[in-house]
Amino acid sequence: MSDTTQPTRKGQEFEQTLDASDKTVASFEHESRGFVDRLQHALHSNPTLVPVIVLIGAVAVFGLIAGGKFFSAFNLSLIIQQVSIIGILAAAQSLIVLTAGIDLSVAAIMVLMAVIAGNLSVYMGVPPVLGLLASFVGGTAAGLMNGLLVTRVKLPPFITTLGTWSIFYALNLWLSGAQSIRSQDIDANASILKFFGNNIALGGARITYGSILMVAVFAVLWYMLNKTAWGRHVYAIGDDKDSAELAGIRTDRTLLSVYALSGFVCAIAAWASIGRVGSISPQAFYEGNLQSITAVVIGGISLFGGRGSIMGALFGALIVGVFQSGLRLAGVDVLWQVFAIGWLIIFAVAIDQWIRKVSA
Amino acid sequence: MTQPVIKARGLVKRYGKVTALDHCDFDLMPGEIVAVIGDNGAGKSSLIKAISGAVSIDAGTIELEGKPISFSSPLEAQDAGIATVYQTLALSPALSIVDNMFMGREIRKEGIAGSVFRALDHAKMREIAREKLSELGLMTIQNIDQPVETLSGGQRQGVAVARAAAFGSKVIILDEPTAALGVKESRRVLELILDVRSRGIPIILISHNMPHVFEVADKIHIHRLGKRLCVIDPKEYSMSDAVAFMTGAKLPEGAVEAA
């Protein structure tokens, strides 16, 4: 131990030639980089750029095709209003996808919670505020159930939520008797359930409270994911769960919180959906699960976890809304809208793969 | 004699019918680098996992600075001051160097922003990370916000070692730190190891690379058949002696400490 202060030893004999070795680090010729290369690198360091560019491009193109009808304040605010529910679901979905999971049950949780809030407040005479509270507790519990199955029973998220999707859907049909709760009944007994359907008129624009809520949900989640330790842990788990565990993160506990939060956000979407639709229909949003995944994928969040910004999902949802609105105003048949969204998904994933090929 | 930092006595670990550790002893003195070598299946990993809290032992005692310890998870060991740099490094490739260094021990802002809104103090974390990295001579990394996946293998090792050394660790365990590296990068990591020791932090080094072990280690713990065969001084023995002891081809005589 006496030699602790000894200077660094000379190294081994075969290493002596290192001093004379070429010290330049392997590098690429930067001059030869074309526009495409630079674009690829820019996108790699900032994956949310893709949906932003597509969104701006889509707005410009549809503005040219459909003209004033598309560009009116009314239509633009309508698009935001139309995507608000899927947008909030996409926020919930993003949380799960960032952990390298996938949640097929988000819309099922949402509809179930809308039915629970409606049944309690409209038919059973519970104060509407308590009905809403019950739906928030229920949504969180439903998310927690997914989380427990994933972390404790160690089921893959895909299988877990495929199962709970059916379970929640069946519960929803049972509780609602497959009957919608009519708009008039909600107005008479629990008008607060439709709170997010109210709007502020701003010139020609009709900005609903639901649209504002969607933006607020994204803002809060963005803050949590980017400015808190919890958010860093979510990304680390999605990146490499075993490494995160070894680095000292309680991964299962964090995953549970992610699933519970996702369920809570679905309950927020439930409240907003009552305002948006006007009534509570157990059959509504049957495709919501997949639409939320569409928004997330188009938004540039990697399905392999740990990469992408939650704001991408907001842009993804808006892109879908812009395409649907623009194609409708241009007089294109609905089936071609679905066709276009399909290509958009494939385009988004292809771009994601292309970006991944760069190493900074 | 000074008190050992880590003193393990009579460790036993069984996996079903297999006995991985058979009443094994281990000692680590302050400020020294102890290399652990042994054949595959000799129980090196089990010994290290027992010390780092990754597995629980069936019998025996481990003392850290004279106090008995028993960990049920690597996290507890880390909190007690035993930091392990795994062969896989346990870094998150898509996150930045700073995020990785502070993973699991982030610093929050002061006041309401930190206590209520849980905001991270990015500026402070950057500053500390930069300081720690330059202490270890790793500031060739220019941008500390760059994702770890953009670093070379040696730089990644450096970040992992810096993380282990940065947070008041009493012992650092390095598992095969040079296994995946080239000649130049191995050299940097070996210098880093000596640098960490010169800061007074003792190191347990597990390696199959005899030249590296003989170069940096102060003592070599030879593990055979689940127990400590002997501890030798690398200056008094040759590499072929060590390999002979480790494989059972030769029996040690007059080792520093007998088994």
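Keep in mind that glycine also has a Cβ here, set from the backbone N, Cα and C atoms.
Any TrEMBL annotation is an automated prediction that lacks curation.
Feature annotations, courtesy of TrEMBL:
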TRANSMEM  A:48-66  transmembrane segment
TRANSMEM  A:78-98  transmembrane segment
TRANSMEM  A:104-122  transmembrane segment
TRANSMEM  A:129-149  transmembrane segment
TRANSMEM  A:155-175  transmembrane segment
TRANSMEM  A:207-225  transmembrane segment
TRANSMEM  A:256-274  transmembrane segment
TRANSMEM  A:295-322  transmembrane segment
TRANSMEM  A:334-355  transmembrane segment
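Ranking A:78-98, A:104-122, A:129-149, A:295-322 by CB pairs under 8 A with the transmembrane segment (A:48-66) puts A:295-322 at the top.
Against the transmembrane segment (A:129-149), stretch A:256-274 shows more Cβ pairs under 8 Å than any other of A:155-175, A:207-225, A:256-274, A:295-322, A:334-355. Comparison of A:78-98, A:104-122, A:155-175, A:256-274, A:295-322 by number of C-beta pairs under 8 angstroms to the transmembrane segment (A:207-225) places A:78-98 first. For the transmembrane segment (A:256-274), same-chain residues at least 6 beyond its ends with a Cβ under 8 Å from one of its own Cβ atoms are 84-85, 88-89, 91-93, 95-96, 98-99, 103, 106-107, 109-114, 117-118, 132, 135-136, 138-144, 146-148, 150-151, 186, 193-197, 210, 213-214, 217, 221, 230, 234, 280, 284-285.
Between the transmembrane segment (A:155-175) and the transmembrane segment (A:295-322), the number of CB pairs under 8 angstroms, six or more residues apart, is fewer than three, so the stretches are not in contact. Here the transmembrane segment (A:104-122) has long-range neighbours at 85, 89, 92-93, 128, 130-132, 134-136, 138-139, 142-143, 146, 158, 161-162, 164-165, 168-169, 171-172, 175-176, 181, 185-186, 189-190, 193, 262-263, 266-267, 269-271, 273-274, 280, 282, 284-292, meaning same-chain residues at least 6 beyond its ends whose C-beta is under 8 angstroms from one of its own.
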